[in-house]
Ligand SMILES: *Cc1c(COP(=O)(O)O)cnc(C)c1O
(Lines of atoms letter the chains of each structure in order from A and count residues from 1; the text may use other names and numbers.)
(Lines give C-alpha, C1' and ligand atoms only; values in the text may rest on other atoms or scores of the structure.)
Protein backbone atom coordinates (compact mmCIF):
# COMPACT_ATOMS: atom_id res chain seq x y z
CA UNK A 1 0.00 0.00 0.00
CA UNK A 2 1.26 3.46 -0.86
CA UNK A 3 1.91 5.50 2.27
CA UNK A 4 2.40 9.24 2.72
CA UNK A 5 5.87 10.33 3.87
CA UNK A 6 5.03 10.58 7.56
CA UNK A 7 3.90 6.94 7.75
CA UNK A 8 6.56 4.26 7.41
CA UNK A 9 7.12 0.64 8.34
CA UNK A 10 10.09 -0.33 10.51
CA UNK A 11 10.82 -3.81 11.84
CA UNK A 12 7.25 -4.86 11.09
CA UNK A 13 5.76 -1.93 12.98
CA UNK A 14 3.82 1.03 11.61
CA UNK A 15 5.51 4.34 12.46
CA UNK A 16 4.03 7.83 12.48
CA UNK A 17 6.86 10.35 12.22
CA UNK A 18 9.53 8.83 14.42
CA UNK A 19 7.04 7.07 16.71
CA UNK A 20 6.23 3.37 16.77
CA UNK A 21 2.42 3.14 16.86
CA UNK A 22 2.68 0.16 19.20
CA UNK A 23 4.64 2.21 21.73
CA UNK A 24 2.09 5.05 21.52
CA UNK A 25 -0.75 2.57 22.09
CA UNK A 26 1.17 1.13 25.03
CA UNK A 27 1.78 4.55 26.62
CA UNK A 28 -1.55 6.21 25.97
CA UNK A 29 -3.91 3.24 25.60
CA UNK A 30 -6.46 2.61 22.85
CA UNK A 31 -8.50 3.86 21.15
CA UNK A 32 -6.25 6.80 20.37
CA UNK A 33 -6.18 9.56 17.77
CA UNK A 34 -2.61 10.45 16.75
CA UNK A 35 -1.85 13.59 14.72
CA UNK A 36 1.49 14.56 13.16
CA UNK A 37 2.07 18.30 13.50
CA UNK A 38 4.82 18.32 10.89
CA UNK A 39 2.41 16.87 8.33
CA UNK A 40 -0.14 19.65 9.02
CA UNK A 41 2.57 22.20 8.31
CA UNK A 42 3.64 20.43 5.11
CA UNK A 43 0.08 20.17 3.82
CA UNK A 44 -0.65 23.82 4.55
CA UNK A 45 2.55 25.07 2.96
CA UNK A 46 2.02 23.03 -0.16
CA UNK A 47 -1.58 24.24 -0.69
CA UNK A 48 -0.70 27.83 0.08
CA UNK A 49 2.33 27.87 -2.22
CA UNK A 50 0.41 26.22 -5.07
CA UNK A 51 -2.08 29.12 -5.05
CA UNK A 52 0.40 31.90 -4.32
CA UNK A 53 2.49 30.87 -7.32
CA UNK A 54 -0.38 32.27 -9.43
CA UNK A 55 -1.58 35.17 -7.29
CA UNK A 56 -0.09 36.66 -4.17
CA UNK A 57 -3.38 37.98 -2.84
CA UNK A 58 -4.55 34.65 -1.39
CA UNK A 59 -5.93 34.04 2.09
CA UNK A 60 -6.16 30.54 3.54
CA UNK A 61 -9.12 29.98 5.86
CA UNK A 62 -8.83 26.55 7.45
CA UNK A 63 -12.27 24.90 7.77
CA UNK A 64 -12.38 24.51 11.53
CA UNK A 65 -15.09 21.89 11.55
CA UNK A 66 -12.73 19.33 10.01
CA UNK A 67 -10.76 19.20 13.27
CA UNK A 68 -11.38 21.85 15.89
CA UNK A 69 -8.80 20.89 18.48
CA UNK A 70 -7.10 23.97 19.94
CA UNK A 71 -3.63 22.55 19.22
CA UNK A 72 -4.60 22.16 15.57
CA UNK A 73 -6.09 25.66 15.40
CA UNK A 74 -2.96 27.11 17.02
CA UNK A 75 -0.80 25.32 14.45
CA UNK A 76 -2.81 26.94 11.67
CA UNK A 77 -2.72 30.32 13.43
CA UNK A 78 1.06 29.99 13.64
CA UNK A 79 1.15 29.31 9.89
CA UNK A 80 -0.72 32.56 9.31
CA UNK A 81 -4.04 30.94 8.40
CA UNK A 82 -7.48 32.19 9.28
CA UNK A 83 -10.54 30.00 9.59
CA UNK A 84 -13.92 29.26 8.15
CA UNK A 85 -16.06 29.00 11.29
CA UNK A 86 -19.56 27.59 11.29
CA UNK A 87 -20.69 28.30 14.86
CA UNK A 88 -20.07 30.66 17.75
CA UNK A 89 -18.09 27.87 19.39
CA UNK A 90 -15.72 27.58 16.46
CA UNK A 91 -15.46 31.37 16.34
CA UNK A 92 -14.47 31.57 20.02
CA UNK A 93 -11.88 28.83 19.62
CA UNK A 94 -10.36 30.39 16.50
CA UNK A 95 -9.93 33.71 18.34
CA UNK A 96 -8.51 31.96 21.41
CA UNK A 97 -6.05 30.18 19.11
CA UNK A 98 -4.73 33.61 18.21
CA UNK A 99 -6.31 34.06 14.79
CA UNK A 100 -6.97 37.59 13.64
CA UNK A 101 -10.73 38.40 13.38
CA UNK A 102 -9.98 39.79 9.91
CA UNK A 103 -8.94 36.30 8.85
CA UNK A 104 -12.20 34.64 9.84
CA UNK A 105 -15.47 34.17 7.99
CA UNK A 106 -18.58 33.25 9.96
CA UNK A 107 -20.48 30.80 7.76
CA UNK A 108 -23.69 28.92 8.39
CA UNK A 109 -27.19 28.58 7.08
CA UNK A 110 -28.97 28.89 10.43
CA UNK A 111 -27.40 31.44 12.76
CA UNK A 112 -28.97 32.70 15.96
CA UNK A 113 -29.24 36.34 16.96
CA UNK A 114 -26.48 35.65 19.51
CA UNK A 115 -24.25 34.30 16.72
CA UNK A 116 -24.76 37.51 14.73
CA UNK A 117 -24.11 39.67 17.82
CA UNK A 118 -20.86 37.84 18.48
CA UNK A 119 -19.68 38.38 14.90
CA UNK A 120 -20.46 42.11 15.11
CA UNK A 121 -18.81 42.45 18.55
CA UNK A 122 -15.64 40.71 17.40
CA UNK A 123 -15.46 42.40 14.01
CA UNK A 124 -15.73 39.13 12.10
CA UNK A 125 -17.16 39.10 8.59
CA UNK A 126 -20.35 37.15 8.07
CA UNK A 127 -21.33 35.02 5.10
CA UNK A 128 -25.06 35.64 4.92
CA UNK A 129 -27.30 32.81 3.74
CA UNK A 130 -30.73 34.47 3.32
CA UNK A 131 -32.58 37.79 3.05
CA UNK A 132 -34.04 37.07 6.47
CA UNK A 133 -30.58 36.74 7.98
CA UNK A 134 -29.49 39.95 6.25
CA UNK A 135 -32.36 41.85 7.90
CA UNK A 136 -31.50 40.43 11.32
CA UNK A 137 -27.80 41.19 10.95
CA UNK A 138 -28.60 44.75 9.92
CA UNK A 139 -30.76 45.21 13.04
CA UNK A 140 -28.08 43.73 15.28
CA UNK A 141 -25.31 45.90 13.82
CA UNK A 142 -27.47 49.03 13.95
CA UNK A 143 -28.35 48.41 17.60
CA UNK A 144 -24.63 48.18 18.38
CA UNK A 145 -23.80 51.21 16.26
CA UNK A 146 -21.26 49.21 14.27
CA UNK A 147 -20.88 48.32 10.62
CA UNK A 148 -20.43 44.73 9.52
CA UNK A 149 -18.82 43.51 6.33
CA UNK A 150 -20.52 40.62 4.64
CA UNK A 151 -20.47 38.22 1.77
CA UNK A 152 -23.41 36.18 0.62
CA UNK A 153 -23.14 32.42 0.36
CA UNK A 154 -23.88 31.91 -3.30
CA UNK A 155 -25.36 28.70 -4.63
CA UNK A 156 -23.55 28.11 -7.92
CA UNK A 157 -25.93 25.24 -8.75
CA UNK A 158 -23.36 22.75 -9.95
CA UNK A 159 -23.39 19.01 -9.69
CA UNK A 160 -20.25 17.56 -8.16
CA UNK A 161 -18.96 14.00 -8.22
CA UNK A 162 -19.06 13.13 -4.52
CA UNK A 163 -21.32 11.50 -1.93
CA UNK A 164 -24.76 13.24 -2.04
CA UNK A 165 -24.52 14.06 1.68
CA UNK A 166 -21.45 16.22 1.08
CA UNK A 167 -22.48 17.88 -2.19
CA UNK A 168 -23.38 21.38 -1.00
CA UNK A 169 -23.67 23.42 -4.19
CA UNK A 170 -26.50 21.61 -5.96
CA UNK A 171 -29.45 23.71 -7.14
CA UNK A 172 -31.51 21.79 -4.55
CA UNK A 173 -29.06 22.33 -1.65
CA UNK A 174 -30.08 24.01 1.61
CA UNK A 175 -27.06 26.32 1.35
CA UNK A 176 -26.75 29.69 -0.29
CA UNK A 177 -28.66 32.22 -2.34
CA UNK A 178 -30.00 30.85 -5.63
CA UNK A 179 -28.79 32.39 -8.90
CA UNK A 180 -31.94 34.36 -9.68
CA UNK A 181 -31.89 36.16 -6.30
CA UNK A 182 -28.21 37.10 -6.06
CA UNK A 183 -28.38 40.60 -7.55
CA UNK A 184 -31.42 41.46 -5.43
CA UNK A 185 -29.61 40.20 -2.36
CA UNK A 186 -26.62 42.50 -2.97
CA UNK A 187 -28.93 45.42 -3.81
CA UNK A 188 -30.70 44.83 -0.50
CA UNK A 189 -27.33 44.70 1.27
CA UNK A 190 -26.16 47.94 -0.34
CA UNK A 191 -29.26 49.63 1.02
CA UNK A 192 -29.38 47.96 4.43
CA UNK A 193 -28.29 49.92 7.49
CA UNK A 194 -24.82 49.15 8.88
CA UNK A 195 -24.11 46.48 6.25
CA UNK A 196 -21.21 46.59 3.85
CA UNK A 197 -21.27 43.88 1.17
CA UNK A 198 -17.61 43.31 0.28
CA UNK A 199 -17.36 39.63 -0.56
CA UNK A 200 -18.74 36.60 -2.31
CA UNK A 201 -18.64 33.08 -0.97
CA UNK A 202 -19.39 29.58 -2.25
CA UNK A 203 -18.50 26.04 -1.23
CA UNK A 204 -19.54 23.35 -3.68
CA UNK A 205 -18.97 20.23 -1.61
CA UNK A 206 -16.41 17.97 -0.04
CA UNK A 207 -14.13 15.08 -1.05
CA UNK A 208 -14.19 16.14 -4.70
CA UNK A 209 -11.58 14.26 -6.72
CA UNK A 210 -11.79 16.24 -9.96
CA UNK A 211 -10.61 19.79 -10.59
CA UNK A 212 -13.18 20.69 -13.26
CA UNK A 213 -16.07 21.46 -10.85
CA UNK A 214 -13.81 23.93 -8.99
CA UNK A 215 -12.85 25.68 -12.22
CA UNK A 216 -16.53 25.83 -13.15
CA UNK A 217 -17.44 27.31 -9.76
CA UNK A 218 -14.66 29.92 -10.13
CA UNK A 219 -16.02 30.81 -13.56
CA UNK A 220 -19.53 31.26 -12.20
CA UNK A 221 -18.22 33.34 -9.30
CA UNK A 222 -16.25 35.77 -11.46
CA UNK A 223 -19.16 36.10 -13.85
CA UNK A 224 -21.36 37.15 -10.92
CA UNK A 225 -18.54 39.38 -9.64
CA UNK A 226 -18.77 41.35 -12.88
CA UNK A 227 -22.49 41.95 -12.42
CA UNK A 228 -21.99 42.92 -8.78
CA UNK A 229 -19.28 45.41 -9.74
CA UNK A 230 -21.73 46.90 -12.26
CA UNK A 231 -24.33 47.55 -9.55
CA UNK A 232 -21.76 49.23 -7.31
CA UNK A 233 -20.48 46.45 -5.04
CA UNK A 234 -16.80 46.95 -4.21
CA UNK A 235 -15.49 43.42 -3.85
CA UNK A 236 -12.63 42.93 -1.39
CA UNK A 237 -12.70 39.14 -1.52
CA UNK A 238 -14.01 36.19 -3.47
CA UNK A 239 -14.13 33.00 -1.42
CA UNK A 240 -14.35 29.78 -3.43
CA UNK A 241 -14.59 27.45 -0.43
CA UNK A 242 -12.87 24.15 0.16
CA UNK A 243 -13.64 20.65 -0.98
CA UNK A 244 -10.50 19.26 -2.59
CA UNK A 245 -10.51 15.55 -1.79
CA UNK A 246 -7.79 13.16 -0.69
CA UNK A 247 -6.95 9.62 -1.87
CA UNK A 248 -8.63 7.49 0.82
CA UNK A 249 -8.03 4.46 -1.44
CA UNK A 250 -4.25 4.78 -1.39
CA UNK A 251 -3.58 2.62 -4.41
CA UNK A 252 -6.50 3.47 -6.68
CA UNK A 253 -7.84 6.99 -6.03
CA UNK A 254 -6.51 9.50 -8.48
CA UNK A 255 -6.69 12.60 -6.30
CA UNK A 256 -5.68 15.94 -7.82
CA UNK A 257 -2.75 17.63 -6.11
CA UNK A 258 -3.06 21.20 -4.78
CA UNK A 259 -0.89 22.24 -7.76
CA UNK A 260 -3.36 20.66 -10.20
CA UNK A 261 -6.20 22.36 -8.35
CA UNK A 262 -4.46 25.72 -8.55
CA UNK A 263 -3.56 25.24 -12.22
CA UNK A 264 -7.24 24.61 -13.03
CA UNK A 265 -8.79 27.32 -10.89
CA UNK A 266 -6.37 30.23 -10.92
CA UNK A 267 -6.30 31.05 -14.66
CA UNK A 268 -10.13 31.18 -14.69
CA UNK A 269 -10.16 33.40 -11.62
CA UNK A 270 -7.37 35.68 -12.82
CA UNK A 271 -8.82 36.15 -16.32
CA UNK A 272 -12.21 36.87 -14.77
CA UNK A 273 -11.03 39.59 -12.41
CA UNK A 274 -8.77 41.10 -15.06
CA UNK A 275 -11.77 41.40 -17.38
CA UNK A 276 -13.69 43.25 -14.65
CA UNK A 277 -10.64 45.28 -13.64
CA UNK A 278 -10.70 44.42 -9.93
CA UNK A 279 -8.10 42.86 -7.61
CA UNK A 280 -10.00 41.19 -4.77
CA UNK A 281 -8.34 38.75 -2.40
CA UNK A 282 -8.92 35.11 -3.25
CA UNK A 283 -10.07 33.18 -0.21
CA UNK A 284 -10.06 29.41 0.03
CA UNK A 285 -11.39 27.18 2.82
CA UNK A 286 -9.72 23.77 2.71
CA UNK A 287 -10.36 21.40 5.60
CA UNK A 288 -9.95 17.79 4.61
CA UNK A 289 -7.04 18.38 2.28
CA UNK A 290 -4.98 19.96 5.06
CA UNK A 291 -5.93 17.60 7.90
CA UNK A 292 -7.14 14.27 6.46
CA UNK A 293 -3.89 12.36 6.17
CA UNK A 294 -2.23 13.92 9.25
CA UNK A 295 -4.01 11.64 11.72
CA UNK A 296 -4.49 7.94 12.39
CA UNK A 297 -6.87 6.22 14.76
CA UNK A 298 -5.25 3.41 16.70
CA UNK A 299 -7.67 0.76 17.86
CA UNK A 300 -7.01 -2.45 19.77
CA UNK A 301 -8.36 -5.86 18.80
CA UNK A 302 -10.71 -7.20 21.51
CA UNK A 303 -11.53 -10.47 19.79
CA UNK A 304 -11.67 -12.22 16.43
CA UNK A 305 -14.71 -14.18 15.34
CA UNK A 306 -15.52 -16.46 12.42
CA UNK A 307 -19.22 -16.32 11.49
CA UNK A 308 -20.43 -16.00 7.88
CA UNK A 309 -17.21 -14.05 7.55
CA UNK A 310 -14.25 -13.20 9.73
CA UNK A 311 -14.81 -10.27 12.07
CA UNK A 312 -12.13 -8.32 13.90
CA UNK A 313 -13.82 -6.67 16.90
CA UNK A 314 -11.95 -3.49 17.79
CA UNK A 315 -12.38 -0.86 20.52
CA UNK A 316 -13.22 2.08 18.22
CA UNK A 317 -16.53 2.30 16.36
CA UNK A 318 -18.66 4.94 14.75
CA UNK A 319 -18.75 6.71 18.10
CA UNK A 320 -15.18 7.77 17.25
CA UNK A 321 -15.15 7.58 13.45
CA UNK A 322 -18.55 8.22 11.93
CA UNK A 323 -17.53 8.55 8.30
CA UNK A 324 -17.86 4.91 7.20
CA UNK A 325 -21.36 4.62 8.73
CA UNK A 326 -22.53 8.07 7.63
CA UNK A 327 -21.00 8.40 4.16
CA UNK A 328 -20.03 4.81 3.28
CA UNK A 329 -16.48 6.09 3.45
CA UNK A 330 -13.43 3.97 2.88
CA UNK A 331 -10.41 4.15 5.19
CA UNK A 332 -7.28 2.07 4.74
CA UNK A 333 -6.45 -0.14 7.73
CA UNK A 334 -3.08 -1.58 8.69
CA UNK A 335 -2.29 -4.13 11.38
CA UNK A 336 0.26 -1.92 13.10
CA UNK A 337 2.18 -4.72 14.82
CA UNK A 338 2.29 -6.91 11.67
CA UNK A 339 2.80 -4.20 9.10
CA UNK A 340 5.30 -6.20 7.04
CA UNK A 341 3.29 -9.44 6.95
CA UNK A 342 1.50 -10.53 3.78
CA UNK A 343 -2.28 -10.16 3.59
CA UNK A 344 -3.69 -13.67 3.76
CA UNK A 345 -7.31 -13.53 4.95
CA UNK A 346 -10.35 -11.38 4.39
CA UNK A 347 -11.56 -9.59 7.52
CA UNK A 348 -14.27 -7.09 8.40
CA UNK A 349 -13.20 -4.67 11.11
CA UNK A 350 -16.15 -3.81 13.36
CA UNK A 351 -16.57 -1.48 16.31
CA UNK A 352 -18.12 -2.04 19.74
CA UNK A 353 -21.33 -0.08 19.12
CA UNK A 354 -24.74 -1.74 19.28
CA UNK A 355 -25.56 -1.09 15.61
CA UNK A 356 -25.16 -3.35 12.59
CA UNK A 357 -23.80 -0.37 10.69
CA UNK A 358 -20.84 -0.07 13.04
CA UNK A 359 -18.28 -1.24 10.50
CA UNK A 360 -14.93 0.51 10.21
CA UNK A 361 -13.64 -1.46 7.21
CA UNK A 362 -15.44 -4.24 5.32
CA UNK A 363 -13.89 -7.21 3.52
CA UNK A 364 -10.20 -6.32 3.70
CA UNK A 365 -7.30 -8.61 3.01
CA UNK A 366 -5.10 -8.48 6.13
CA UNK A 367 -2.39 -10.59 7.71
CA UNK A 368 -3.59 -13.14 10.25
CA UNK A 369 -5.13 -11.07 13.11
CA UNK A 370 -5.31 -12.02 16.78
CA UNK A 371 -6.70 -10.62 20.01
CA UNK A 372 -4.28 -7.98 21.31
CA UNK A 373 -3.19 -6.81 17.87
CA UNK A 374 -3.28 -3.13 17.00
CA UNK A 375 -5.15 -1.76 13.99
CA UNK A 376 -4.34 1.66 12.54
CA UNK A 377 -7.14 3.36 10.63
CA UNK A 378 -5.58 5.88 8.25
CA UNK A 379 -6.67 9.35 7.10
CA UNK A 380 -8.79 10.18 10.14
CA UNK A 381 -7.65 13.80 10.60
CA UNK A 382 -10.69 15.43 9.02
CA UNK A 383 -14.23 14.79 10.25
CA UNK A 384 -12.90 12.13 12.61
CA UNK A 385 -12.79 13.25 16.23
CA UNK A 386 -14.83 16.35 15.35
CA UNK A 387 -17.85 14.13 14.59
CA UNK A 388 -17.33 11.77 17.54
CA UNK A 389 -20.10 11.12 20.05
CA UNK A 390 -20.66 9.43 23.39
CA UNK A 391 -23.16 6.93 21.99
CA UNK A 392 -23.54 3.79 24.12
CA UNK A 393 -22.13 5.85 27.01
CA UNK A 394 -18.64 5.54 25.60
CA UNK A 395 -16.34 8.34 26.71
CA UNK A 396 -14.47 9.87 23.77
CA UNK A 397 -10.85 8.76 23.49
CA UNK A 398 -7.77 10.97 23.84
CA UNK A 399 -6.09 12.81 20.98
CA UNK A 400 -2.33 13.16 20.95
CA UNK A 401 0.03 15.20 18.80
CA UNK A 402 3.46 14.04 17.74
CA UNK A 403 6.20 16.44 16.74
CA UNK A 404 9.68 15.07 16.05
CA UNK A 405 10.47 12.70 18.91
CA UNK A 406 7.93 14.34 21.21
CA UNK A 407 4.35 13.31 21.85
CA UNK A 408 1.70 14.86 24.09
CA UNK A 409 -2.00 14.93 24.77
CA UNK A 410 -3.88 17.58 22.87
CA UNK A 411 -7.05 16.29 24.52
CA UNK A 412 -7.34 13.87 27.40
CA UNK A 413 -9.74 10.97 27.17
CA UNK A 414 -13.15 11.44 28.73
CA UNK A 415 -14.40 9.28 31.58
CA UNK A 416 -17.85 8.02 32.46
CA UNK A 417 -17.82 10.63 35.24
CA UNK A 418 -17.46 13.37 32.59
CA UNK A 419 -20.59 12.05 30.94
CA UNK A 420 -22.46 11.69 34.24
CA UNK A 421 -21.52 15.21 35.38
CA UNK A 422 -23.70 16.92 32.76
CA UNK A 423 -26.79 15.01 33.87
CA UNK A 424 -29.10 16.29 36.61
CA UNK A 425 -31.29 14.69 39.26
CA UNK A 426 -34.95 15.53 38.76
CA UNK A 427 -36.28 17.53 41.71
CA UNK A 428 -39.50 15.45 41.86
CA UNK A 429 -37.70 12.13 42.20
CA UNK A 430 -36.79 11.10 45.75
CA UNK A 431 -33.06 10.72 46.34
C1 LIG B 1 -16.98 22.05 5.34
C2 LIG B 1 -16.70 23.32 4.69
C3 LIG B 1 -15.44 23.57 4.14
C4 LIG B 1 -14.33 22.55 4.10
O5 LIG B 1 -14.58 21.47 3.25
P6 LIG B 1 -13.43 20.41 2.96
O7 LIG B 1 -14.07 19.44 2.04
O8 LIG B 1 -13.06 19.81 4.25
O9 LIG B 1 -12.30 21.13 2.33
C10 LIG B 1 -15.20 24.82 3.62
N11 LIG B 1 -16.16 25.78 3.60
C12 LIG B 1 -17.38 25.57 4.11
C13 LIG B 1 -18.37 26.66 4.09
C14 LIG B 1 -17.70 24.33 4.66
O15 LIG B 1 -18.91 24.12 5.15
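Each position is counted from 1, following the chain as shown.
Including glycine, each Cβ sits where the backbone N, Cα and C put it.
What TrEMBL records for this protein:
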DOMAIN    40-290  domain 'Orn/DAP/Arg decarboxylase 2 N-terminal'
MOD_RES   65  N6-(pyridoxal phosphate)lysine
BINDING   243, 285, 286, 287, 288, 383  pyridoxal 5'-phosphate binding site
BINDING   288, 323, 327, 355, 383  substrate binding site
ACT_SITE  354  active site, proton donor
Filtered recorded positions, from 323, 327, 354, 355, 383, whose Cβ is under 6 Å from an atom of ligand 1: none
- prompt: Is any of the recorded positions 323, 327, 354 within 10 Å of residue 383 (pyridoxal 5'-phosphate binding site) (Cα-Cα), and if so, which, in sequence order?
  reply: 323
Field: Alpha-carbon distance [the residue listed as 'active site, proton donor'; residue 286 (pyridoxal 5'-phosphate binding site)] in Å
entry: 34
Field: Other residues, Cβ within 8 Å of 243, 285, 286, 287, 288, 383 Cβ centroid (pyridoxal 5'-phosphate site)
entry: 63, 66, 206, 242, 244, 289, 290, 291, 382
- request: Calculate the distance in Å between the alpha carbons (Cα) of residue 285 (pyridoxal 5'-phosphate binding site) and residue 323 (substrate binding site), and round it to a whole number.
  value: 20
- prompt: Given the substrate binding site residues 288, 323, 327, 355, 383 in the record, what is the largest Cα to Cα distance, rounded to whole Å?
  reply: 27
Field: Inter-residue Cα distance where the pair is residue 243 (pyridoxal 5'-phosphate binding site) and residue 327 (substrate binding site), in Å
entry: 15
Field: Spatial neighbours of residue 287 (pyridoxal 5'-phosphate binding site) that are distant in sequence (at least 6 apart) but have CB under 8 A
entry: 62, 63, 64, 65, 66, 67, 84, 206, 242, 382, 383
Statement: Judged by other C-beta atoms within 10 Å of its C-beta, the most isolated of the binding-site residues 285, 355 is 355
Query: Could you tell me the C-alpha distance between residue 288 (pyridoxal 5'-phosphate binding site) and residue 323 (substrate binding site) in angstrom, no decimals?
result: 13
Query: Cα distance, residue 354 (active site, proton donor) to residue 323 (substrate binding site), nearest Å?
result: 17
Message: If you count other C-beta atoms within 10 angstroms, which of the binding-site residues 327, 383 is the most crowded?
response: 383
- line: Rounded mean pLDDT within the domain 'Orn/DAP/Arg decarboxylase 2 N-terminal' (40-290) lands at 96
Query: Within 10 Å of the Cβ of residue 323 (substrate binding site), how many other Cβ atoms are there?
result: 22
Collapsed DSSP category at the residue listed as 'N6-(pyridoxal phosphate)lysine': helix
